[in-house]
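Asks: Could you have a look at this structure, given as C-alpha cells, before my questions?
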Amino acid sequence: MDILEGLLHGLEVALSVQNLLFVLLGVTVGMMVGVLPGLGPAPTVALLIPLTFTLDGPTAIILLAGVYYGAMYGGTITSVLLRIPGEAASVVSTMDGHAMARQGQAGKALGLAAIGSFAGGLFATACLILFSPTLADFALGFGSPEYAVLALLGLFLVAYTSAGTTLKSLVAIGIGLLVASVGPDPITASPRWTLGVPDLLGGFEIVAIIMGVFGLSELLVNITESRRPTSVTRTIGRVLPTGRDIADSAGAVGRGSVIGTALGLIPGGGGVLASLVSYGVERRVSKQPEEFGSGVPQAVSGPETANNAASISTFIPLLTLGFPPNGVLAVIFGALLIQGVTPGPELIGDHPDIFWGVVVSMVIGNLVLLVMNIPLLPVFVKIAQIPPGTMATITVAILVIGAYSINGNPFDVAVMIGAGLVGYLLRKLGIPPAPLVLAFILGPIFETNFRRSLVVSDGNITVFASSPVAVALLVVLGVVIVTAVTGRLWRMRSARPGHAGEERARRLP
Amino acid sequence: MTDAEVIGHRDGEVDPAPSPRFVRACFAVLFAAAAGLTVSVRLTMPVGSIANTEPGFWPFWVALLTTLLLGFAQVRPAILLDRAEAITGAEARGLALALPVLLLAVPALGQLGVATTTAFVTLYWCKAVVGSSWRTSVVTAAAASAGILVIFLYLLDVPFPAGTLTGF
Amino acid sequence: MRAALAGSVPDLSTTTKGTQMRTLITTTGVLAAMVALVSCGQTQNSASTDDYPDRPIDLIIPVPAGSSTDVSTRFVVPCIEEELDATIVVENRDGGGGAVGNGLFAQAEADGYTLVSTSVGNAVVPPIAEGGVGYEPDSFLPVGMIGQAPVVLVVAADSPYTSAEEFFAGAASERLVVGIPGPTSVPGISITALTSTQDLQLEAVPFTGNGNTIQALLGGEVDAAYLSADGGVTLPRIQSGEVVALATAVDEPAPSLPDVPTLVSLGFDGLPLGDSFWFLATQVDTPEPIVTTLEGAMETCMSNGDIQAQIGEGVAPPEFIPGSDVQEMLETAARGYEEFLQ
C-alpha cells in the first residue's frame, strides 16, 4: 500500500462517525487531563485502557493517542495562567508563559502555544506518514540479533534520558526487568519465580502493572492534596495573537517542530525532554537570552510546539519497531496487545486500519484542538477547579474496577495495588517509575531475542555483529555508554529551566 | 475572556526534605533484596553460560547488576538523596487510611461483586481518605459509582463475574 | 463570579480532634462491614437440567482475542446461541499458556453454564508441564471439534532442501535450526519428540506465534519452520509458494495438504499427535441431557457451510467430529505429550 492509497484508506477509517466521535472524546479528555494538575497523560491513558476492550483496534488507539496530544495542549493552560503545569511537558511554560500572563498577555501566550502546537503536530504527523512505512520495511529484515541489540540500546537510552540520576534510573530498570522475568521462560517455558501460584504462571499482567505504577502511585503521592484547596486570581487577556506575533515566533515554531519530532523518537524521550531542549535552544539562538524568564513569546511557542510534535513522533518507534519510547506509549503498547495486535514491523502491513486510521485521526484531532482551544478556554479553566478529593475518589474506583475488568481476575487488582505501592515508594526515594514500565516491556524483548540468537548461532557471541545493522547499533550503543560514563551531560543540563520547573517535573513520570 | 478567574491552587509549597537516615535505610533494604534475589536465582534456577543460556541466565545477571548498582549507591549519599522526598505525617495517615480499603477490595470483588465493591470503595475513600462530610461523601460516592458502573456494565458490557456471595 | 466560585470550594483546611475521631470511627465501621461481608461463606447456585439453558452461558476462551482459537470460536457462537435460544458471553481469559482460563473453567459448576473453547495444547500442556493449575487433561468433556491445523514442516522457497528426505538427510549430517512457534506449543513438543527419538541434529528455536516464526524463516534466520498449518499465516504462504511444505506430523495426509507426505509415511514412528485442534467442552460431571443438547447444537452449527467457510477451508472439519472422537484424540495427545514434556 503506497502512501496515497494509505491516506485514502486512513481517511475512510478516521471519518467514520464512531472514530470521529472518539477522536473528539480523546482530545477533550486529553485537554482536561492537561488542565488538571496531578493526573498526567500516562496515568490517564492507563485508566482509559479498560474502556478500549470492547472498541475496534483503530478506535481504541485513536482515542488513546488523542488523550496524549490533547494533554500537550491542555497542559499549557494551567502553566500559563496559574504557574502549575497540568502535566510535565508544559513545565517550561510556567516560566515565560506565566510571566506573560502577569503582564496581561496570557491570551497571546496561549494563542501562540496553540498555533505552534498545531504546526508541530502537523509536521510530526507528516514525518510519521512519510518515514514509518519505510522504517517498518527496513525493520522487517531485522532478525533476533538486531532486535536484541536494539532493545539493549533502548534500555540504556531510557536510563540516560529519564529524569534524575542515571544510577537511579538503572535501578528502576533493574526492578522492571526482574518483575518481567516472573512467569514462563521464553525459550524453555519453565516457570520462573511463580512460587506455585497459578495466577503467576503467565507472568504479571502488563496493564495491571501500568495502572498501578502510573495511576495508583500518582494518586498515593498526591493523597494529602485532596485536603488543601486554596484560591488565587488571574486574568487572561486578548487571545488571538497578531500577525506580527506569529511572524516573531515562526522560527521558534520551526525549530520546535524539528526538535520535538526528533526527540520523540528516542527511548526515554517525548514531550518533557523535547520542551526542555527547545527552551534551551531558543535561549541560545535568542539575541537577548537574558530576557528569558521574563515573558519571551518564543520561550513559550518553541517548547509548546516541541512537546506536541514529540507526543506524535513517539508513535514512530512503536508502530514500526514495536518499541514504546516512553510511558504513555508503553500503555498504548498494552492496549494494542489487548486488541490482539503485537506492535512490530508487521503492524502497518497487517493492520493498515490501525496505522492509517490513527495517522489521519491525528490531523483531525490537532485541528479540533486548535479550534476548540481558544473558545473553550474558560471551560477548561473551570475544570481545574474540580475538587482534587472528588477526582481522587473517581480515580481510585476506576483503578480498582479497571484492573478487575482486564481478565475478571481479582489477582490483577492485587498486582495493580502492589505495583502502585512499589511505584509510590520508588518516587519517594527519587527513583523515576517510567523506566520500570519500559524495562518491563523491553526486557522480555531483549532476553528472548538475545537467547534465541545464541541458540541459532550455537552459542557464538559474534552473532550480534553479524549484519551491518547490528554493527551500527552496537557502535551507537558503545557511544551512548561511553558518553554517559565520561560526560554524563548528555541530557543537555544547560537546557534546564531552573530549579522550580525541575522540582515540578520530577513528580511526573 | 478578560474576566477574573478564581482557581484552586497549590503553589508555594515546598516538599519537605527526607531524613537521610530513612532514605539510606530504604536503599539498604533494596540492596539486601536484590542481593537475596541474586542468591536465590543462583540456587533455584540453572544459569548456564553464554554459549548455553538457561532460564536463570537473564534473571541472574539482572539481579547481580542491580545489586552492584545498589551497592555502589550505598556509598554515594548524594545520589541516594537526589530527588528523594519525605513521607510526611499527613501522608502517612492518608496511606494508613487508604491501604485497608485497597487490600480489602481484592477479595471483595470476587465475593461481593463489582457494584457493591465500587460503592464501598468510593464511599470509604471520600469519607475517610479525603475527609469530606457524610453528605458530600454519600453524594460523590453514589454519583461516581453510578457513573463508573454505567460505563463498564452497560456501555462497555464488560462481563464481570458475579459476586459469589451477592449473586450480582 | 469570584465570590460565587470561592464560596463553592469546601473548606477542609480546619481539621479538629473531633472530626479526626469521627473519621476513625467511620473508617473502622466501613471496613468492619466489608470484612464481615467478605468473610461470610459462599452460596451455591443449584443446577437444573430441565429448562437448560435458562440464563446466559459463559464461554471462556483461554487465549487472547484475535488468536485463531478465538476468531474461529466467535464464528460459531452466534449459531449456537440461536440453536440453544440463549445468550453466550464470550470471555477471553488468557494467561499461563491457557492455564488461567482453563483453570477457571474446570473449577466452575458443572451445570453447562460455563463452557470453554480450548486448543489441545492449552488443555494438555500446562497440567503436565506445570501441575497445580486447577485442572487436568481429563477435566474436559468435549462436545465437538471447531478447527484443526496439522503440524507441518516448511522451508523457504529458495531452500536447498526440496523434499523431506533431503531435509532429514541434511539434518543427519549437519546442524539445522528449526523455528517453532513456542516452547510448549504442539509443534514444540512434537519436535522435542523427533529429536529425542531420532539421530538428527535439529535445534529447535522458539519464536512467538506462527507469524513471527514464518518471518524468521523468510528472513533466513532459521533453516526450516515447524508449525501448525493455520488458515491465517501458514496455509496462505504455502499456497502462494513463499514457503514449501515438506511433511506433516499427522497420521493420515491432512485434508488441507493432501499431497504432502506424513512423517509416519517417511518412517518416523512413535511421535505424539502432531495436530493442533481446538474444541468446545464442558466439565466432565455435566448432566447427560445438557451434554446432548450442546453436542446437538455443535453438530448443526459445524455442519453449516457458511460457518465452515468462515473458519476456513482445511481448518474447519469437513464433517462434524463429535465429542467422543475429540476426547479420544485428546487422550492420545495427553499420553504422547507426557513422555516428552519433562
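In case you wondered, yes, glycine gets a Cβ from its N, Cα and C as well.
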Asks: Write down the single range among A:1-18, A:415-432, A:433-450 that appears in TrEMBL as transmembrane segment.
Replies: A:433-450
Asks: What stretch, picked from A:200-221, A:318-342, A:354-374, has the most CB pairs under 8 A with the transmembrane segment (A:433-450)?
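Replies: Selected stretch: A:318-342, with the most Cβ pairs under 8 Å.
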Asks: Under 8 angstroms, Cβ to Cβ: which one of A:109-132, A:170-188, A:200-221, A:386-404, A:470-490 has the largest number of such pairs with the transmembrane segment (A:354-374)?
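Replies: Answer is A:109-132, with the largest number of Cβ pairs below 8 Å.
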Asks: Using a cut-off of under 8 Å between C-beta atoms, tell me which stretch among A:109-132, A:200-221, A:318-342, A:470-490 contacts the transmembrane segment (A:386-404) the most.
Replies: A:200-221
Asks: Between the stretches A:138-158, A:318-342, A:470-490, which one has more Cβ pairs under 8 Å with the transmembrane segment (A:109-132) than any other?
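Replies: Comparing A:138-158, A:318-342, A:470-490 against the transmembrane segment (A:109-132), the winner is A:318-342.
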Asks: By a Cβ-Cβ criterion of under 8 Å, what residues six or more beyond either terminus of the transmembrane segment (A:318-342) are in contact with it?
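Replies: Non-local partners: 41-42, 45-46, 49, 52-53, 57, 60-61, 64-65, 68, 128, 132, 135-136, 139, 150-151, 154, 206-207, 210, 214, 264-270, 311, 348, 350-351, 354-355, 358, 406, 434, 437-438, 440-442, 445, 509.
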